[in-house]
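What Swiss-Prot lists as ATP binding site is Tyr619, Asn620, Lys621, Thr622, Trp623, Gly624, Arg625, Ser626. According to Swiss-Prot, the compositional bias 'Basic and acidic residues' annotation covers 395-407. Swiss-Prot lists 231-254, 394-423 with the feature region 'Disordered'. Annotation comment: Swiss-Prot describes 173-201 as zinc finger.
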Amino acid sequence: MSGLLAAAYSQVYALAVELSVCTRLDPRSLDVAAVVRNAGLLAELEAILLPRLRRQNDRACSALSLELVHLLENSREASAALLAPGRKGTRVPPLRTPSVAYSVEFYGGHKVDVSLCLINDIEILMKRINSVFYCMSHTMGLESLERALDLLGRFRGVSPIPDPRLYITSVPCWRCVGELMVLPNHGNPSTAEGTHVSCNHLAVPVNPEPVSGLFENEVRQAGLGHLLEAEEKARPGGPEEGAVPGPGRPEAEGATRALDTYNVFSTVPPEVAELSELLYWNSGGHAIGATGQGEGGGHSRLSALFARERRLALVRGACEEALAGARLTHLFDAVAPGATERLFCGGVYSSSGDAVEALKADCAAAFTAHPQYRAILQKRNELYTRLNRAMQRLGRGEEEASRESPEVPRPAGAREPGPSGALSDALKRKEQYLRQVATEGLAKLQSCLAQQSETLTETLCLRVWGDVVYWELARMRNHFLYRRAFVSGPWEDRRAGEGAAFENSKYIKTHLFTQTLSSEHLHALTHSLYTFITGPLAEESGLFPPPSNVALARCCDAAGTLPHQKAFLTSLIWPGIEPSDWIETSFNSFYSVPGGSLASSQQILCRALREAVLTVSLYNKTWGRSLILRRADAVSPGQALPPDGLYLTYDSDRPLILLYKGRGWVFKDLYALLYLHLQMRDDSA
């Protein structure tokens, strides 16, 4: 079934992408018959699939099914907008973004006002509800999630690219927190390090692909290559963009003059052979020609990129005249970005990555335009170095051949006497100093360019919708849906609290007050308690699932839990804890919350969960039973027969359900339930 759902999703997703492009094109360029045909097929698919998807999502949902519902609804609206009778010309998308504000209700009558304006707001709401899920009934949870899901559907639209105004990459999501927890935090919460993290999960960056040349290929495939040739002929000539400089003209000419005395009858020394080979292999270089100009021939890469955009726009107009008989006005023609804006949004024939690379090249060219830096760069060129060494060896060989008597060598480090020696030494020191300054400057330049280009690329790169928000919504919805399905089962109601139930509860409490828990088991019981207050988002299956305390810490860090609240959770169980510390003397009031703040309600309910964990463990030890405490959301709605045990439903009205051999009983008092379990003969729960 999941394969069929994925197949339907892929087809609807492809249609949504095409619709998002069509909304930005000139209506005259659209094939109305094809749009009508696709709209009819979409209506057919929606009539068959959408009602079933909604029924399925009311029982158990997935990120794929939730997004598919949104794509079906939004594609229907986009198709209707394309076929609107009064649609003329291109329409600029509205700048207004949807938002919603409502109150989230918790136990004790406490309400929290939330305002959702961004995709991050929805994701943050999921993390916060995940940390206090046990403070809400399934009705409260589903109502709060439904409003957020509706807003996410309006955010989703039909475009695979989310509106950049709807998300912030500097806010870590649930998966970012999980990645940060792998790194050492030196005792600090993961959210403290999250301020320096760029989230790539809400909006996933797309790997940059070459854009240059795609339009030209499409034109040639349409049989209009002559238009490109006409544009190339009209383009003014100039040096090739991005040419890398080699050794300068003086070095090349000097090497050529040094080789003029050799011919096929000459004896060729090794130095001459190496010099000739170097000139041969560099004969195709750009810098040994007649230009002698710097990198890029003195032209700006960014200006060349923008000029190419203008030239290809003219070619596109000529293609439209040849194919459609008239020039069309699309959205990117009606609202053309300026030079500065194009740095952020890219162009039709180039991406923002191309603009970043061109800007990086221009910055480097501007820095190296200084004559001193150019000289240093030239001397660092490998070909220049080898050429100079070969010429020096050749010069030394000629001098040794013509020298009659060797000169008396001077000691190392000695300089020629007189003003000329001092001046030569000063010039060498100056050259060495400038070389060192240039080397350090180039190193800093490369580091700065790499860092800034990485930041720009990460900020301006194309991003598509991620699945993390839909995944979180599906997890949280399934939690509350499973709870609703479980408490709605055909269980016998024992919440009345008649006189016999009070005596039964008193009997169990009296016996448990005289017992103690083994100190060796307290550590395991602490982790067991953590599993009952850990949110549904942390329920990850795999070969190496995280420990319960790590999963709980991730929930707290993601939700922004305060340190003193974390300390309260870790202090629920301590060494030497006695039954009188956790057993409540009241009757038939388990998981009841009086009015108060959310923080006080959270503490009361955590103590109630602690009471259930420790009491069941002490009960099994005292009477030799094997009652297992379970979570109600662990039972899927389609599961035929849940395993026996005591289920915590997190529902204030029906908090405890005992299952035994296919039968179930609903209790409001924990100890009356244990008394019923004690009466059962064959204990397999």
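For all residues, glycine too, the Cβ spot is worked out from N, Cα and C.
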Gly624 (ATP binding site), number of other Cβ atoms within 10 Å: 8
DSSP state at Gly624 (ATP binding site), helix/strand/coil: coil
Per-region confidence, the zinc finger (173-201) (mean pLDDT, whole number): 77
Sorted by sequence, non-Tyr619, Asn620, Lys621, Thr622, Trp623, Gly624, Arg625, Ser626 residues with Cβ within 8 Å of centre, ATP: Leu618, Leu627
Least surrounded among the binding-site residues, given as Asn620, Thr622, Ser626, when other CB atoms within 10 Å are counted: Ser626
